[in-house]
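Listed in TrEMBL for this protein:
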TRANSMEM  25-48  transmembrane segment
DOMAIN    41-289  domain 'G-protein coupled receptors family 1 profile'
TRANSMEM  60-80  transmembrane segment
TRANSMEM  100-119  transmembrane segment
TRANSMEM  139-163  transmembrane segment
TRANSMEM  199-225  transmembrane segment
TRANSMEM  237-260  transmembrane segment
TRANSMEM  272-291  transmembrane segment
Amino acid sequence: PEPENHTLLTGFVLSGLSNHPQLQLLLFFTFCIIYTITITGNLLILVVTLHPRLHTPMYFFLRVLSLLDISTASTVVPKMLISFLSEDRSISYMSCATQLYWVIFSTATECYLLAAMAYDRYVAICSPLRYAAIMNSRVCLSLVLLACCSGNVVSVMQTAWVFTLPFCGPRKMNSFFCDIPPLLMLSCTDTFPYEMQLIMATVLVLFTPCCLILVSYACIISSALKISSAEGRQKTFSTCSSHLIVVTLYYASGTLIYLRPKSSNSRDTKKFLALIYTTVVPTLNPLIYSLRNKDVQDVLIRIMTDMVKK
């Protein structure tokens, strides 16, 4: 007989980080601080980059990146914080589907947006005289809309496909949010065809933008080596290295999670990797992409000075 699909009535239970009950309070305060830094940092970027001095394509992309980081963190962290203080870690079927949709949409869109940002830096450094003509407002808006539309298509397809699977047996997910690999572990049907299409989606969402980013930065580094000024070369390399750290953390963690979705020997490792791209990277992005930037620092100081004067 076919297994009963219990999740239609009862939903799921998120195990979260409950393997260490004695650390629940410490974990709550730790991730509460991380979440506060994430929201504060990204909201600060949204406000600062609205200054007329920062109306350039790079800061337009950074505003969108901040919105995506806020979306990712706000979809995952509040529910996780509640689970630290409550024994009830259940999540309804519809809430799980909604959470999965927003996580995939935000992270997939960010993957494409990071590629657009790398292209923007490539044009700025390798073709500075043509930068204004190439990266005009229409091109920037088109790149953002393309990233959002692509992220939405990926998210709708993945969410719809995974929730057509029958779920049965224990409904406890070894995760702190609704994600595809732990959901696949709960399915009582053959998920091999779905795993294959998930791998194909991972290649499109992670590998393709990552390759574009690496090619862009290779060209940037090549151009930087031709700069006669040692200070100019150092500034370019410093910027590239910082950006590549974020890209490596983001794409590497996603690749390791989704290329082997049902590997059972690394569930805790995957949970740790999921923490990186849902909580750590959104905290690092404002620090690496914006707050280390001298123009952003100058505008921030000017805004704070004006507030003090008032």
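Each residue, glycine too, has its Cβ placed from N, Cα and C.
TrEMBL labels come from automatic prediction, so no person has curated them.
Fair warning: this is a prediction, and the values are worked out from it, not measured in the lab.
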Best-contacting stretch, by C-beta pairs under 8 Å, relative to the transmembrane segment (199-225) and drawn from 25-48, 60-80, 100-119, 139-163, 272-291: 100-119
Tertiary contacts of the transmembrane segment (60-80) (same chain, 6+ residues out, Cβ under 8 Å): 14, 16-17, 31, 34-35, 38-39, 42-43, 45-46, 49-50, 91, 99, 102-103, 105-107, 109-110, 113-114, 116-117, 120, 140, 143-144, 147, 176-177, 277-279, 281-283, 285-286, 289-290
For the domain 'G-protein coupled receptors family 1 profile' (41-289), the mean pLDDT of the predicted model: 87
